[in-house]
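Trainee: First the structure, then my questions, so here it is.
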Amino acid sequence: MTRTPVNVTVTGAAGQIGYALLFRIASGQLLGADVPVRLRLLEITPALKAAEGTAMELDDCAFPLLQGIDISDDPNVAFDGANVALLVGARPRTKGMERGDLLEANGGIFKPQGKAINDHAADDIKVLVVGNPANTNALIAQAAAPDVPAERFTAMTRLDHNRALTQLAKKTGVPVSEIKKLTIWGNHSATQYPDIFHATVAGKNAAEAVNDEQWLAEDFIPTVAKRGAAIIEARGASSAASAANAAVDHVHTWVNGTAEGDWVSMGIPSDGSYGVPEGLISSFPVTVADGKYEIVQGLEINDFSRARIDASVKELEEEREAVRALGLI
Ligand SMILES: NC(=O)c1ccc[n+]([C@@H]2O[C@H](COP(=O)([O-])OP(=O)(O)OC[C@H]3O[C@@H](n4cnc5c(N)ncnc54)[C@H](O)[C@@H]3O)[C@@H](O)[C@H]2O)c1
Ligand SMILES: O=C(O)C[C@H](O)C(=O)O
């Protein structure tokens, strides 16, 4: 193997998502089965020992693609030469806590990390923010990295997308592979809007196939939007393996592209499309080719969808105002 390894920096490497994620990256599932990787793990000082333990286990897997592991508590070191950065490390939401409560606690983490990315990452850096509140944390990191093209900062709504796929597949009795063109709009929060009006189920329009607006409004949308809270309630901890899986899906799609005739959902800086104010990091339907994503244009947005997109975007605007007031952007 002669190819230069891709540097993948993972923050919060000793956390529960980190533990579910690192082995999949090292096995080639993030970038491809022929792409060697070097892992750069960032943790806070008290968690370095735990990160070292995970690194020992990674060594013990003898992954052919894994070309090295570096561990640091210094963002300037961990992001040095990073080609892909997965910003997972944050304070997870605990029972009864809303994401808004986390803005201040997490803002202080993402500003210095954005600056370190600005100063040390590779020119082709791609950033995925997983740590909540993911959209606004991505905005904070992006604002601290003025030399990096804004579109390289993305937030994870692929978990919501995957959740919606399964709920719709169950309702319509088809495998998830038969569902295409689902969209998550807005924030990775309870206001998000999973949209099936442009989706297809085995080639037929999903909304027509379901033909049950009550199910859509009272079952599907709240089930998807509140799934994170339901997992916390059931497990006593936030989703981990499914979140890691979605992070792998997000980056894999960003690097390798979307399938013909389908799209995915990504939290990305708005260019003003669909009335979402420019600069907000909001979830959109995107296609990806050659490592670049594009918002799917020209979708007709009905009144049912418009109200829900607007509500989630309003929450994003409020979060942006809150972090602006805190001097984080
Ligand atoms: N976007 C999504 O779909 C989604 C889904 C699930 C979870 N999440 C979020 O992902 C985040 C991580 O979840 P988890 O379950 O792995 O949490 P966790 O508490 O198990 O792990 C978080 C890790 O981050 C580390 N950390 C804290 N501050 C750090 C810093 N400044 N630099 C580097 N590391 C730091 C902690 O030491 C800890 O090891 C949470 O914010 C959670 O809410 C997002
Ligand atoms: O809701 C949370 O904080 C957990 C996570 O974002 C999730 O969607 O599972």
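Cβ coordinates come from backbone N, Cα and C, glycine included.
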Trainee: Pick from ASN83, ASN106: which one does TrEMBL list with GLY12, ALA13, ALA14, GLY15, GLN16, ILE17, GLY18, GLN113, VAL130, GLY131, ASN132 for the same NAD(+) site?
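Mentor: Answer, per TrEMBL (NAD(+) site with GLY12, ALA13, ALA14, GLY15, GLN16, ILE17, GLY18, GLN113, VAL130, GLY131, ASN132), from ASN83, ASN106: ASN106.
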Trainee: Between ARG163, HIS188, which of the recorded positions has the fewest other CB atoms within 10 angstroms in the structure shown?
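Mentor: Among the recorded positions ARG163, HIS188, the lowest count of other Cβ atoms within 10 Å belongs to ARG163.
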Trainee: Might you list, by sequence position, any residue in that chain lying six or more from ALA14 (NAD(+) binding site) with a Cβ less than 8 Å away from its Cβ?
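Mentor: Looking at Cβ-Cβ distances below 8 Å from ALA14 (NAD(+) binding site), excluding near sequence neighbours, one finds LEU41, GLU43, ALA47, LEU48, ALA50, ALA51, GLY53, THR54.
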Trainee: Which binding-site residues from the set ALA14, GLN113, ARG163 come near ligand 2, judged by a Cβ under 6 Å from any of its atoms?
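Mentor: Among ALA14, GLN113, ARG163, near ligand 2: none.
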Trainee: Which of these recorded positions is closest to ARG163 (substrate binding site) if you go by CA atoms: GLY18, GLN113, GLY131, HIS188?
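Mentor: Among GLY18, GLN113, GLY131, HIS188, HIS188.
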